């Protein structure tokens with residue numbers, strides 16, 4: 001099985017990159033499944049129903065979220081109605097939406113789980129215990145289990161990767177918007193990377209207008225964050241899972257921008 005994952009899509013620049021490059025990436029890598037983190041897709045924070053469908057039309061089989069899940073209030077009107085949108089599973093019981101979904105293609109089924117970290121982020125239920133619960137649930141249906149762990153702290157992401165090694169097919173980190181170079185296969189066969197990176201403005205600061213962010217650091221005054229304009233970037237990974245052993249065998253980073261050209 002091959003999985004293509006695209007890191008945090010930020011605003012319309014990120015959506016434009018998805019629209020342009022995801023079809024090309026699917027042609028090049030021929031993934032069985034494509035997953036996109038869409039929690040920043042609407043003006044940098046949250047997701048609308050229109051944008052959800054646009055990401056699906058651009059090639060996503062499932063869309064994961066994070067700490068900005070609820071920033072666009074209209075999500076309450078559609079999150080329970082769309083099939084392949086997952087928000088962090090460790091929100092409290094009774095929260096709208098779901099934290100796991102299953103996607104099928106060519107006789108294969110992939111469980112997609114979304115979890116959110118608790119270090120330097122608003123406190124939620126324990127992601128480690130929730131991982132135990134959902135991995136056990138998913139394993140009854142499929143050996144292919146993908147986790148998007150939306151978290152701030154590198155240590156927390158590493159901890160979950162090691163904790164689920166051999167039980168999850170892949171644990172990929174999102175949220176910090178900067179791609180890390182630690183992609184690896186853990187000893188028991190789980191593909192891991194601390195952060196996939198972001199898809200959106202290249203010359204901003206984590207996708208936001210850099211002058212605004214610099215002003216915030218210099219003055220410590222509240223500012224209105226806006227999505228940066230100009231050059232763009234796309235970050236992702238391609239993960240290969242052996243269909244015999246059900247263990248990951250490869251995780252390759254993807255980075256497309258003016259400094260890292262895409263070759264079809």
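Heads up, the Cβ atoms here are built off N, Cα and C, so glycines get one too.
Annotation source Swiss-Prot lists Fe cation 1 binding site at 8, 39, 40, 177, citing experimental evidence. Classification of residue 40 (Fe cation 1 binding site) by DSSP places it in coil, neither helical nor stranded.
Taking a C-beta cut-off of under 8 angstroms and a sequence separation of 6 or more, residue 175 (Fe cation 2 binding site) has the following same-chain neighbours: 8, 66, 67, 117, 150, 151, 152, 195. Feature annotation from Swiss-Prot assigns Fe cation 2 binding site to 39, 67, 150, 175.
Taken from Swiss-Prot, the feature active site, proton donor applies to 68. Taken residue by residue with DSSP, residue 68 (active site, proton donor) is part of neither helix nor strand, so it is coil.
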How many whole Å apart are the CA atoms of residue 40 (Fe cation 1 binding site) and residue 68 (active site, proton donor)?
7
Same-chain residues six or more away whose CB lies under 8 A from the CB of residue 177 (Fe cation 1 binding site)?
7, 8, 10, 195, 197, 198, 206, 207
What Cα-Cα separation, expressed in whole Å, is found between residue 39 (Fe cation 1 binding site) and residue 68 (active site, proton donor)?
6
